[in-house]
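Chemist: Right, I'll just put the structure down here and ask away after.
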Amino acid sequence: MYLLAGAEEMTVGMRQRSSALLNLPGDYSRNSLKQDIVSGLTVFIMLVPQGMAYALLAGLPPVMGLYASTIPLIIYALFGSSRQLAVGPVAMASILIFSGVSLYAEPQSSEYITLVLLLTLMVGVMQFVLGAINAGALIKFISQNVINGFTSAVAITIGLSQLGNFFGIDMPSQNQLVPLLMSLFQNISTIHVPTTVIGVSSLVVLMGLRKRAKRLPLPLLVVVFNIFIVLFFRLDRVGVSIVGDVPKGFPGLSLPSLDLSSMQVLLPTALTIALIAMMESLAITKTLAGKDSPPLNVNKELRAIGLSNMAGSLFSAYAVTGSFSRSAVNHRAGAVSQVSMIVTAVGVTLTLLFLTPLFYYLPKAALAAIILSAVVGLINIPSLRYAFRVKPSDGGVWIVTFAATLLIGIQWGLLIGVGVSLCILINRISYPHIVELGWDNKSRSYRDLQRFSKAKRIPQAILLRIDARIHFSNVSYVEEVIESKIYDAGNNTDEPIDVVIDMGGVNDIDTMGIDALERLIQKYKTHKDIQIWFVQLKGPVRDLLQRAGWDRRYPAVISYLSLEQFLKGRQQSVDYMI
């Protein structure tokens, strides 16, 4: 009896520890486990061909895509916060790796692979450190318009880079639009017909049946069918390029070569991949999050993805992140927790141990078709139309990032896009929204005179509203606008004027801002016809002004809680009736 009780207690304890370790829901059951197994196997069927295709895109042997689909998945399952995110090889990280490492080594060479593994370790360390120091907020400085323009350009670059394998023509290793197009036109007469037939037919199946046959593992079916066709007709003997030998077994544990000079040249690429990969994962996690999902912890996600890449680099895996297509499939298949990814990783491991010889006759054109079908969805033209319709400057950021990425290069394109978006942000911050208010009888409230033509100015008063924080970068403009309004009003009347500044939209002010406002008060303090007032101060701003001594030096200036209170209070000495 005691033994049974002890065994039951041990079972409960193990279940609680495993639930905590794998971030399992509190109501996780046998049915939940079944759902995770089904969804994990579904993603596994999709991941095997995709992983091999993306490895080829990264300039690596296809088997490295399978390596990247084992250990990293398990590590994320243990440390990640999302229950549906499917990590693994993705097109974006693959092309970024290719664009960064192919500058220093020949793709597929041992030197190239060594650099990629070092790069993966660097990406993992960067992501983990950013998460450890709670620097996840840095990602916010890359705007969505930059990401959309960058992603769309990269998708086109990926597509063009695969046309060599797709048509069976020789194309140099490039990731810029003009060289790729020139190479395509120069070699278009050498298109290999059997290879082209394989590529086109595969793409037609993948694109044409995508919506009609959502439940079918189309990439896997394309791979199996093309392996059979190549083997049956021996198309490899007539020039169809095939994958060839795929090493069997699981890779051994080894530390990437820590060469300092290599780390220096790979640093920009590592930082780019670390940030972009993390943004992809966060976007996917937010999209798939349900009402019962745990709150998203950006820094925890950074640490989890970082650990996945660090561990993966020790087992010949290249950089991974969340995949939108596989995460969506995982979600639709009913995944309840990251147990599904462990199931996927086990499936890929078994494939490595027993099934890799079957991929010998896999044509590269079929893998190119899988990549092309995947990247079409990355070209986000609707986001461009939306940006231009709502805010043209955001559309301009989209276009600049897109053009720079295509014409100059992937890393420079992202850097230029971020730079332009930050310049626009600085410009917006430097010129805050300041409006002059008047009384609108229809709405019985104070409205922007420029937006409401029927609103009327209050006699003997200038009502201004500041809709931004006041700090060192915009304080000169704030002073300039206020002084300009006072000057214009002074030229149009000889009567006393109250300059009333509504601070309801100001939630922070720095010392330079406080000094500038105090200069205005001092300047007009001895002026009988002009008085400065600040109304509707928010609590944090009022606290700052009190610490600056305003409650002692200018108590009346900041005493009114609203425009209405001020005007009612001043009505006894000045006629404000309209």
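Just so you know, glycine gets a Cβ as well, placed from its N, Cα and C.
Source: prediction; values computed, not measured.
From TrEMBL, for reference:
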type	residues	note
DOMAIN	451-570	domain 'STAS'
TRANSMEM	37-57	transmembrane segment
TRANSMEM	63-79	transmembrane segment
TRANSMEM	86-106	transmembrane segment
TRANSMEM	112-139	transmembrane segment
TRANSMEM	146-169	transmembrane segment
TRANSMEM	189-209	transmembrane segment
TRANSMEM	216-235	transmembrane segment
TRANSMEM	265-284	transmembrane segment
TRANSMEM	304-321	transmembrane segment
TRANSMEM	341-360	transmembrane segment
TRANSMEM	367-388	transmembrane segment
TRANSMEM	400-426	transmembrane segment
Chemist: Tell me the residue counts in helix, strand and coil for the domain 'STAS' (451-570), as DSSP assigns them.
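Modeler: For the domain 'STAS' (451-570), the helix, strand and coil counts are 54 helix, 21 strand, 45 coil.
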Chemist: If we skip the immediate neighbours and take only residues 6+ beyond the ends of the transmembrane segment (86-106), which ones have a Cβ under 8 Å from one of its Cβ atoms?
Modeler: 43, 47, 50-51, 54-55, 57-60, 65, 68-69, 72-73, 76, 80, 112, 114-116, 119, 151, 154-155, 157-158, 161, 173, 175, 262, 265-266, 268-269, 272-273, 276-277, 280-281, 305, 308, 318-323, 326-327, 329-330, 340-341, 344, 371, 374-375, 378, 409-411
Chemist: Could you give the mean pLDDT over the domain 'STAS' (451-570), rounded to a whole number?
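Modeler: PLDDT averaged over the stretch: 90.
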Chemist: With the transmembrane segment (400-426) as the reference, find which of 112-139, 146-169, 189-209, 265-284, 341-360 contributes the most Cβ pairs under 8 Å.
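Modeler: Checked against 112-139, 146-169, 189-209, 265-284, 341-360; highest Cβ contact count belongs to 146-169.
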Chemist: For the transmembrane segment (189-209), I need the partner stretch with the highest count of C-beta pairs below 8 angstroms, choosing only from 146-169, 216-235, 265-284, 341-360.
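Modeler: Of the candidates 146-169, 216-235, 265-284, 341-360, 146-169 scores highest.
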Chemist: Restricting to the same chain and to residues at least six past its boundaries, which positions have a Cβ under 8 Å from a Cβ of the transmembrane segment (146-169)?
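Modeler: Distant contacts of the transmembrane segment (146-169): 56-57, 91-92, 94-96, 98, 175-177, 180-181, 184, 187-188, 190-192, 194-196, 199, 203, 239-241, 276, 279, 364-365, 367-369, 371-372, 375-376, 378-381, 383-384, 387, 397-403, 405-406, 410, 413-414, 417-418, 421.
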Chemist: Looking only at the recorded stretches 37-57, 112-139, 216-235, 265-284, which one has the largest tally of CB-CB distances under 8 Å to the transmembrane segment (341-360)?
Modeler: 37-57
Chemist: Going along the chain, which residues at least six beyond the ends of the transmembrane segment (265-284) come within the CB cut-off of under 8 Å?
Modeler: 82, 85, 87, 90, 92-93, 96-97, 99-101, 103-104, 115, 118-119, 122-123, 126-127, 130, 136, 138-139, 142, 147, 150, 296, 298, 301-302, 305, 319-324, 327, 410-411, 414
Chemist: In terms of Cβ proximity under 8 Å, which residues at least six beyond the ends of the transmembrane segment (112-139) contact it?
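Modeler: Long-range Cβ neighbours of the transmembrane segment (112-139): 58-61, 64, 97, 100-102, 104-106, 256-259, 262-263, 266-267, 269-271, 273-275, 277-279, 282, 298-313, 316-319.
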